[in-house]
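K.L.:
Pasting the relevant annotations from TrEMBL:
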| type | residues | note |
| --- | --- | --- |
| COILED | 2-29 | coiled coil |
| DOMAIN | 9-94 | domain 'U3 small nucleolar RNA-associated protein 6 N-terminal' |
Amino acid sequence: MADVVQFKLERMLNELEDLERRGLFSRREIAEIVKKRRKFEYRLKRPSPLKQDFLAYIDYEKQLDALRRLRKKSVLRKSGGKKSKKSVSDYAGVSRILDIYRLATNRFKGDIQLWFQYLEYCRARGHGRIKKALAQLVRFHPKVPGVWIYAAAWEFDNNLNVAAARALMQNGLRACPTSEDLWVEYLRMELTYLNKLKARKVALGEDEGDLARDHRKADEKQWRDENKELFMALNESGDADKRSDLQDGECEGKLDVFREHGLNILQAVYSGAIEALPTSFSIRTRDFSKEPLYWDWLARADLEGINAKQFSKAVQVVYEEGMKFVPSAVMVELYVKFLMDAISDEDRVEKLPCTSDLMAIQLNLFHIFRWWAKILRKSEKYFDKLVETSLPLLAKDGGSDSGFLTLPHPGLAIYRNCIELELNLALTGEKTGLPKARKLYESALATYDQDASLWQDYHSIEVQMGTSETAAAVHWRARKALKNNISLLSSATS
C-alpha cells in the first residue's frame, strides 16, 4: 500500500514544481500539500474506504484549485495582464478531482447522488469525460427515470444533439414505461424543440407576418416604385408581383407543413403517454378538463386527511378553476353540493381548526350564485337552469333554525354551533377562542337582536370568562335592544 501511495505522489512532481516555478505556491506550502495528499491517499487505500473519505479529498482539491486560480489572476495583474502559456498545473487539479470521483462512483455504484455530483462537476468544467460517465450511469441505473432525463437534457442543451436526446428519452421510456416524469419531460423536450425551430424561422424571416421580412418587402417595393424605368412589365400584373406572391405561398406552405409535423410529433408522444399511463389524471388533464365530474373528483380527493389548507385548496383552487374550464350548471351543482356536504359532515367540521372556515363555506355558496348569475344573465335558458339547480340547495331547510343555511343570512343554529366550538377551544387555553366567540355573537346579534336567549348566553359567557365591564356592557345593550322582552332578560340574569 505504501508503494502505491508513494508512486502516486511521485507522479505529482511535475505539477508541484510548476506551481513553485510560476510563483503560485511557496516550497513550504507545497510540502503541506504533499502531506495532505499522502494522508488522503492512505485513507482511500484502506480495505473499506468510506464515502466521506472520497468526498473530503474532493473538497480539499476543489479548494486548492480555487486558490490556485485566484493566485494566478493576482500574478497576471502584477505582470501587466500578459498571459502565459497554460502548463501542467492548469490541468492537473481538475484531472485529479475527476479521478477521485471516478474511484468513488466505482466503489459506490448505487449512490445516485454521488453520480450526479460527478456529472455536475464534469458539466461545470466542460470536461469531455461526462459522456463516458453518463454511459456508465445509464448502464448501472436503467430503471431510474432521472438518469435518462439528465442524459437527454445534456445532449439537448449542451451538445445540441436533438436526435441523441430523443433516442435517450425513447430508450428511457422502454426501461421505465410507467414513469410519469419521463413522459412529461419528453413532451416538454419536443415542445421546446419545436419552439426553437419556430424562433429560428422567425429570425430568418421565413415566418408568416415576420417583421423582418415585411420590412424587407416594403423596402424592395419602395425601391422598385422609385426605379420603374429600369423594369419592363411583361404583363399587366407584373412578374415581380407574381414572384412575390409565389414566394409567400411557398413560405406559407412550408409553415403549414412545419406546424403539421410538429403537432404530429406531440400527438404521438402524448398518445404513447396515455396508453402507458391510462389512470394518470395529471397527464390526461387535457382530456378531462371539460368534464365537471373530473373537477369534483379532484377536489374531493384532496380532502383525504383534511386540514384547513387542503379544504381551502379544494374550494378556492380546484372548483373555481374548474368553473373557468366548465361554466355549466352541472359544475355549479357539484360545487354547491360539495359545500353543503362539508357543512353537514360533523366529523369534517370538528377537524376544521377555525370556525371561520364554516362561515366561509356559507359565503361561498352566495358567491357561486352571484358569479353564475352574472355570467348567464343574458341567457334565459341557462339562467333558469341555474335557479332550478342552485337556489333549492342554497335555501335548504327554508331558513329555519334547524337548517344550516338561510337566505339572505346564516341561521341562528350555525352561529350557536360555531360559538360553542370557539368556547371549547377557549376552555382548553386557546387565546383566540374568546375573541372569536365575541365576533360570532356580534354577527349573530346583527340579525337576531330580538332573540332574548342569545343575549342571555352572551351575557352569561362574559360573566364567566370576561370582565365585569364587558358583562355590564352586554347587559346594557340587551336591555336597550329587548324593550318588550326585558322581563325575560332580567329573569335569566338575576
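Keep in mind that glycine also has a Cβ here, set from the backbone N, Cα and C atoms.
All TrEMBL annotations are machine predictions without curation.
How buried are the listed features, and what sits near them?
P.N.:
Residues 37-38, 41-42, 45, 68, 71-72, 75, 84, 87-89, 92 of the same chain lie 6+ residues outside the coiled coil (2-29) yet bring a C-beta within less than 8 angstroms of a C-beta in it.
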K.L.:
If you average pLDDT over the domain 'U3 small nucleolar RNA-associated protein 6 N-terminal' (9-94), what do you get?
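P.N.:
That region's mean pLDDT is 91.
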K.L.:
Using DSSP, tally how many residues of the domain 'U3 small nucleolar RNA-associated protein 6 N-terminal' (9-94) sit in helix, strand and coil.
P.N.:
64 helix, 0 strand, 22 coil
